[in-house]
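Chemist: Annotations per TrEMBL:
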TRANSMEM  31-47  transmembrane segment
TRANSMEM  59-78  transmembrane segment
TRANSMEM  84-103  transmembrane segment
REGION    124-148  region 'Disordered'
COMPBIAS  138-148  compositional bias 'Basic and acidic residues'
Amino acid sequence: MIWLALASGLLGFAAIWFTPGAHIPIADASYLSLAALAGIDSLIGGVRAGSEGKFRGSIFVSGFVVNTMLAAFLAYLGDRLGQNLSLALFVVLGGRIFVNLSITRRQWLDHRADLSSTRRAAQLAAKSPQYAGDPSMDGEHGGGAARE
């Protein structure tokens, strides 16, 4: 599923990049960059929700569209009011991205540690079936019966 999302993103990028006459005015570049950052925030939030088992497609799509449009609109509104809201939006969205990435990273590392301990327990159980499921008999801390 992740490959479909990556392929779609690359296809969309290529469609704009290689289309003659499709260019973005410099004045609109800051709005586009904020919209892209909001989209990345939504993508990473979707990855986090997926790793927590809470992912729902409708929430992801609506959040992606609304966050992207809202970020660009707030930057535009700030420009019209003479205030630079772009910096505040970059800080907020960047902070959310880092928080979601750190939570996802911790969950991934915890998952790897759980898999590693499960594999270790299975290996110990295969070596000594009579001690399967008894962590005090792992042979590392001097506990348990002597091995032949």
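Keep in mind that glycine also has a Cβ here, set from the backbone N, Cα and C atoms.
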Chemist: In the same chain, which residue numbers or ranges, 6 or more beyond the ends of the transmembrane segment (84-103), come under 8 angstroms Cβ to Cβ?
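Modeler: Long-range Cβ neighbours of the transmembrane segment (84-103): 30, 34, 37-38, 40-41, 44-45, 47-48, 71, 74-75, 77-78.
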Chemist: Which sequence-distant residues neighbour the transmembrane segment (31-47)? Criterion: at least 6 residues beyond either end, Cβ under 8 Å.
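Modeler: Residues 5, 24, 55, 60, 63-64, 67-72, 74-76, 86, 89-90, 93-94, 96-97, 100-101, 104.
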